[in-house]
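Here the structure is laid out as structure tokens; the discussion comes afterwards.
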């Protein structure tokens, strides 16, 4: 992770008397009036995750109902492969890989931002009902109750509604405790019921077609939604990286963050909007695969340093988890396909339970 | 004198609820998703009416109403007992994973090739028992019992995991999936009298045990030591109550599928009416449970007629706001 060091006070322990000496475990690169503080551990973590994502992507392109060798895949990517492998790679597997990478990164990034904002490790969009809100509204659009809006736009409206409800319900109670989470679960249950209600109203074949999407699947991937997500990610990731310093301050109490010079209200609003928008756009592509929003930041926090909020590492970890989960889902019962939402739920459920029943109460970050 | 006044109030509430329940039963017989309207159904109830209407009202809606009564009673009482045992106002069989446990067990049984209705009841009850012991055991072991909200979170996580595993199992077997798809969302539609007869013996056993442990449970609400001092055995009572919850929830799940939130809303309302003493609130649960299930069922038949809505959707729609309301209170009442 990189931190811009300007004139504002540094939170890290300074080892020597020299005012510009870098804290332990970091390296300072300076040019002109600006300098960049590179955290070695975070840098290593990001590189490791990047390599893993690339390796997983290659495996994703190789394996399927017909297994291709890495050489065949690379040839197909260059356009020099034979017809079948070129078709398999560039027409079938590559678009799906792109969707998996983008949705995974978006879910995990949104999860990381929301956790930091609420100062609550369990407060991922999937758990506090935002995924379900987006799903309910997107399904409404699919079954023709969308006021003429496309699924991504409706998903945005749904995510905003669910967020308003969850945060509104705990107004004054704070977001750090478990009550916030349970209120979110309640909101999520209502929207889940609304999704079922909408599906019950339509013809059975429409409902069956929408079903895998309501549990989270990459097989549908509406074209417009993928483009919307790509644009959202292209705007959201830099925004989140730019917010990195403010994110670190959100872990402190309000007064400490203010006295350290953060415009807390405005930063919070920016973080919330980024997180909700990314969630909604990802849901519009793949349905509610909310567990990635919990698992991605978890993995990133284990690998990266504790000095800052692992924004980039979360996005990489989310993309990695999504690609691996979808690969497993495609291969395990081939030719049958397990929806990726089921795979992540089976993997993430025990992890969530472990967070909750762990001996020392560390459930709340 | 005070006791008799309270008794009189309870009797009054009971009469009112019984009246409402009768109305709900009548509504359940009169309105359906099909084209036998209220007037033709009323003619049948008066003793005349055509064959089709007689079949629809007497056989289809009649057995469905009876099933709704049984399921509602079971879920309401099970919720009250589970809350008393865990001393947690948020403990609900659906939320804590008891229903999900029995649904998972049924899915495994279907996958292994069983199909007999009677076997399904036993399997569902066994799954409910295991799910119940899992959640409450972990809660005691890890001290989650002191934090009602955290126990619900753990239960919800457990429940979600089991639901995902159930879906995964169903992917293996298309036949089982077709058989279970409409069952897994919770519904009363198409349930027959034979299904009900299969679960009645276990409900009778559950009722007998409940009558036995009502007094000790009321004592347990005063605290473990005090209950022991009054001559009760808290451990034994707790185990019996868990057994009853498993019998009731397993039976209800076997016949109607997992239905969440009834066990939360009904005891909540019963306590609001009758006070914290479980010996009183249980009676009201017995009336409020079927009332909620039947009203939800009638609505589920009417809103999207001629098709039907899963019952679990409606109970979630009215139960989730209650959950949020309970959680929002600054001080959660310890039971």
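Backbone N, Cα and C atoms are what each Cβ position is placed from, and that goes for glycine too.
TrEMBL does not curate its annotations; it predicts them automatically.
If you check TrEMBL, you get these features:
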| type | residues | note |
| --- | --- | --- |
| TRANSMEM | A:43-61 | transmembrane segment |
| TRANSMEM | A:98-119 | transmembrane segment |
| TRANSMEM | A:126-147 | transmembrane segment |
| TRANSMEM | A:153-173 | transmembrane segment |
| TRANSMEM | A:180-204 | transmembrane segment |
| TRANSMEM | A:224-243 | transmembrane segment |
| TRANSMEM | A:271-296 | transmembrane segment |
| TRANSMEM | A:308-328 | transmembrane segment |
| TRANSMEM | A:340-357 | transmembrane segment |
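Simply put, out of A:126-147, A:153-173, A:224-243, A:271-296, A:340-357, A:271-296 has the most Cβ pairs sitting under 8 Å from the transmembrane segment (A:308-328).
Between the transmembrane segment (A:153-173) and the transmembrane segment (A:340-357), the number of CB pairs under 8 angstroms, six or more residues apart, is fewer than three, so the stretches are not in contact. When the stretches A:224-243, A:271-296, A:340-357 are ranked by Cβ pairs under 8 Å to the transmembrane segment (A:98-119), first place goes to A:271-296. Panel annotation: around the transmembrane segment (A:224-243), residues 95, 98-99, 102-103, 105-106, 109, 112-113, 150-152, 267, 270-271, 274, 277-278, 281-282, 284-285, 311-312, 315 of the same chain, lying at least six beyond its termini, place a Cβ under 8 Å from a Cβ of the stretch. Remote same-chain residues near the transmembrane segment (A:340-357) are listed as 100, 121-122, 215-218, 286-289, 291-292, 294-295, 298, 321-322, 325-326, 328-329, 363 (criterion: CB distance under 8 Å, separation of at least six residues from the stretch ends). Counting only same-chain residues 6+ beyond the ends of the transmembrane segment (A:43-61), those with a CB under 8 A from a CB of the stretch are 1, 68, 70, 73, 77, 89, 93-94, 97, 100-101, 300, 303-305, 310, 312-313, 316-317, 319-320, 323-324, 326-327.
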